[in-house]
């Protein structure tokens, strides 16, 4: 139902307001236009087209088609390499643009570095095509670096985007030349610790929607993302204002606070953080700066803005006695009766997972100060009755 669909897509309302994929793409038109996407698409009897994201190749077919249709980019990838999803990558770039927009007198023609750009070279290509930022991508894997270079050449962007092969222990020092300065750096580090299985998810959360992609070095690293980001922070403490804003995208919320503390301990003047939401996936952005002219602490994500605006709601409990053999259906009936007493219209719906969802509409506030309202109504009726008895014209 529409109500259940809204519940499942709740986090999408926190996507960046300028994200072109805030409204999902039309899979049917993509299937008509792109044969590779059509091979992975599934059409039901009513004509609705969907993707099984657990199927290897589906994410790649979607990403490749959207890059061509929406950005005019022709790309290829090595079969076993990490396949990025576009909405999340765009969110990261748009958040950085928010940081630049907050400092219009500092940032003019923007240039940046993508640490570990990958075979697709996704961030540099999108940064130029969507935002006109000149980019340098670094890569430690020779085959991924070659593929990234081919994607740059295929799109004739050699003057705007470049990629360089660096050693496995290089973050920024060694990639940034002596006479160069950049407006920002960005990084999507490996999230997991090497030789360690990913942390168990909360049992209440849905499992990963997409089939896993990426080589071992793309998804895991010795010490995990915190160790990797610490390397970037250490380099930033040396380079300081040679890069105006340093940033990373984190896969674990628990990494945000300790990494922010490390950046400040390294001498950063300000930090900023953000929450990136895309469907079931949530990531966290962290930025820091050593430049006294740059203001980033005040920039908030849509998620943070709404969270700040929400007033703390009081917990509400309703206790009642139950008979032996009381069922879940009985509970729903009891809830419906309670809502009727409060003059609240309710629509009960049940989805395919057996979860009851109740949509409610309250035309008037009938539950706050109800005792006071009853007293006032009783007083009003008594007054009317008295006036009638005394023959007063009403």
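Any Cβ shown, glycine's included, is placed from N, Cα and C.
Remember, TrEMBL labels are computer predictions, not curated facts.
Around residue 139 (S-adenosyl-L-methionine binding site), the same-chain residues six or more apart in sequence whose CB sits under 8 Å from its CB are 116, 117, 118, 145, 148, 163, 164, 165, 166, listed in sequence order. Annotation comment: TrEMBL describes 89, 116, 139, 188 as S-adenosyl-L-methionine binding site.
The feature compositional bias 'Basic and acidic residues' is assigned by TrEMBL to 195-207.
The region 'Disordered' annotation in TrEMBL covers 195-220.
Counted within 10 Å of its Cβ, the other Cβ atoms near residue 116 (S-adenosyl-L-methionine binding site) come to 23, all protein chains included. Once the Cα atoms of 89, 116, 139, 188, the listed binders of S-adenosyl-L-methionine, are compared pairwise, the greatest separation found is 18 Å. Residue 89 (S-adenosyl-L-methionine binding site) is surrounded by 22 other CB atoms, counting those within 10 A of its CB over all protein chains shown. Around residue 188 (S-adenosyl-L-methionine binding site), the same-chain residues six or more apart in sequence whose CB sits under 8 Å from its CB are 84, 89, 92, 116, 123, 248, 249, listed in sequence order.
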